[in-house]
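Features as listed in Swiss-Prot:
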TOPO_DOM  44-717  topological domain 'Extracellular'
CARBOHYD  ASN69  N-linked glycosylation site
CARBOHYD  ASN96  N-linked glycosylation site
CARBOHYD  ASN165  N-linked glycosylation site
CARBOHYD  ASN410  N-linked glycosylation site
DOMAIN    525-579  domain 'PSI'
CARBOHYD  ASN525  N-linked glycosylation site
DOMAIN    604-663  domain 'Ig-like C2-type'
CARBOHYD  ASN630  N-linked glycosylation site
TOPO_DOM  739-837  topological domain 'Cytoplasmic'
REGION    767-805  region 'Disordered'
Amino acid sequence: MLRTAMGLRSWLAAPWGALPPRPPLLLLLLLLLLLQPPPPTWALSPRISLPLGSEERPFLRFEAEHISNYTALLLSRDGRTLYVGAREALFALSSNLSFLPGGEYQELLWGADAEKKQQCSFKGKDPQRDCQNYIKILLPLSGSHLFTCGTAAFSPMCTYINMENFTLARDEKGNVLLEDGKGRCPFDPNFKSTALVVDGELYTGTVSSFQGNDPAISRSQSLRPTKTESSLNWLQDPAFVASAYIPESLGSLQGDDDKIYFFFSETGQEFEFFENTIVSRIARICKGDEGGERVLQQRWTSFLKAQLLCSRPDDGFPFNVLQDVFTLSPSPQDWRDTLFYGVFTSQWHRGTTEGSAVCVFTMKDVQRVFSGLYKEVNRETQQWYTVTHPVPTPRPGACITNSARERKINSSLQLPDRVLNFLKDHFLMDGQVRSRMLLLQPQARYQRVAVHRVPGLHHTYDVLFLGTGDGRLHKAVSVGPRVHIIEELQIFSSGQPVQNLLLDTHRGLLYAASHSGVVQVPMANCSLYRSCGDCLLARDPYCAWSGSSCKHVSLYQPQLATRPWIQDIEGASAKDLCSASSVVSPSFVPTGEKPCEQVQFQPNTVNTLACPLLSNLATRLWLRNGAPVNASASCHVLPTGDLLLVGTQQLGEFQCWSLEEGFQQLVASYCPEVVEDGVADQTDEGGSVPVIISTSRVSAPAGGKASWGADRSYWKEFLVMCTLFVLAVLLPVLFLLYRHRNSMKVFLKQGECASVHPKTCPVVLPPETRPLNGLGPPSTPLDHRGYQSLSDSPPGSRVFTESEKRPLSIQDSFVEVSPVCPRPRVRLGSEIRDSVV
């Protein structure tokens, strides 16, 4: 399909003359697929959108002075301390106090030394942007120390942090313990990498060279260092995004080993297209892999990789660039139910928008692909094809299992050479790990994802938190095959991407990091929904209606609840579950039954009535005295949803209702009244001060009169002024035309003559082109070009021409007399055609 799409692009770019008369039908069908809008099943909009600094969704923010690039986040085991890695600094924040204004925190400065910065600048890197120490790895190594690595001005270094006093670890001489970070941390701060610690051993996926052309998946901090083989091209310019540890040995009947999975995007060599094709991958290695004895020494003997496929279900349009992956595992014992949530973008753009997609992969599908067939490449043609012949035993790339132990193979060091030689060229699996697309967002570029499994009142739901490239946070819930975006929050200023997300599931907090700082956002905000309808229509698994307010489900105690709590994530049946008083049809609501806001209008003015809606998915319904408002000259609903009133001919009680999924609720109610002579009553019967809504230019102060009569119309004056203006312009024009009518006739007659015999301008040579003897063309311009009026030459004038040297043939002359121009003109013979008579 991609090859066809590229052919279509070249077909569209070809000149019209080169196009075939009838293009192939497949190209036309593909063009229709590319131009059609995404189906509404996957393209969703957030129900609620809140701007930055909204009081309805408060959250806390941390930022230190002169510090930027907050990229690494780590939460302590007890959840009380948040460790943050930034540019040349690390922080230990209290989750309770540090995010408050003036809160205390611990800061640890760790910058690159001056010599490394000088070398970095000498190598052509930017001193301010590149030659700094960006913290890329921040992991717990033990119960007392943290392990961290930074770019250190393109000379990556690693060190240890004492968690007790938050200082760098030192040796007996007082020097900071530093280790070479090559192979653990990238040189370039813009390069993506991933790392995790398993049983005290560090597994990383990064690049190991200054140029960034030596990628590797390695294990360090161990007595058995192992890495991928660079000469075998196991990795093709990868961009690592995530890694995960899955304890597959628990409950395994085959005696399988634990595995570490790496997620990345790379160039797919198995595809042949006109441009390099990016492919999303999942790679795995065994925890007990020690390398080979003779073949693949200190190299992985269990490295296998496969393609992750995330595409549209309708037309197969691929989202092939992996941005982030979150591993959701219920428990170590239930690792078979592990889900991998991935955020993807596309290498190609469909239309004018650059969207993203969220796909979910199951552990069952991953294991099926890694247990399937292999691919191999033909060295001569560089073509990849499926291996169908038998493979050696034990199975290449598999961990040491009970079947291998029965063959006296208890370690990878004991694997036969034929198995390892086969693996060197057969590291790519033939199958593709297919996914289920949950969400397609054409208007947002998702970059980070975090998932929390929430127990609701009746079921368990997966809540997704998605960070965008422009500082927004989407909160969505997965309900079967569908996804509902609960809310959209602007947590950072526009242009700052969300660089990291971290969940504190025990305290119900979400931490998000960007270039400018770190924010602490509560996962739930049930107090935002003030009615039963809003609480249920939100589909928020954290919230339920308690009978009087929307509360967090963790507060639900069945034995203490006086009324049953209501929650319906699947159907959101607010019309059936909420109280009857909230769902009465607006057509039968008596006027004046609901509280009405008193507003005052001035006569002959244009006014608007606001109707703010909390939900982006709801529609408005305006009623006047219980009947729907129809568009007219004096009443019109604006595109914003506000009601525009022109004049005061139609007054009464105006109500604005919100309609969403069959549920109706009153949003606003207005009772406008006309203020005579611009004077407003100070108070109404209830003692409240009425609101004056007016758009007139002259308004009267309270208790006074306007300087202009509010009820006077200037329509007649306007017509009189327009008439006088037209007369003042037309009369002088007509007078000038009548006075100069004779001149106009002469001008028009000259134009007719010129149209019959147009004259050309004389060609006068410039001075520098004249002959050196001083002789030149006659001073009188020869503008007739062989035509001369018989009476043009004045008496006594004589011009010598060729007619005086040779006899003039009268037969070759031609005289014409025009009825428009009565003066005769003569055209001479061909010999003297250009002479002056």
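Each Cβ is built from the backbone N, Cα and C atoms, and glycine gets one as well.
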If one measures from the C-alpha of ASN165 (N-linked glycosylation site) to the C-alpha of ASN96 (N-linked glycosylation site), what distance in angstrom results, rounded to a whole number?
19
Counting only residues 6+ away in sequence within the same chain, which have a CB under 8 Å from the CB of ASN96 (N-linked glycosylation site)?
ARG80
When DSSP states are grouped into helix, strand and coil, how many residues of the domain 'Ig-like C2-type' (604-663) land in each?
0 helix, 27 strand, 33 coil
Among ASN69, ASN165, ASN410, ASN525, which are glycosylation sites, the residue with the most C-beta atoms within 10 angstroms of its C-beta:
ASN525
List the helix, strand and coil residue totals of the domain 'PSI' (525-579) as derived from DSSP.
16 helix, 7 strand, 32 coil
Collapsed DSSP category at ASN165 (N-linked glycosylation site):
coil
From the Cα of ASN69 (N-linked glycosylation site) across to the Cα of ASN410 (N-linked glycosylation site), what is the distance in angstrom?
46
Counting across all protein chains present, how many other Cβ atoms fall within 10 Å of the Cβ of ASN630 (N-linked glycosylation site)?
10
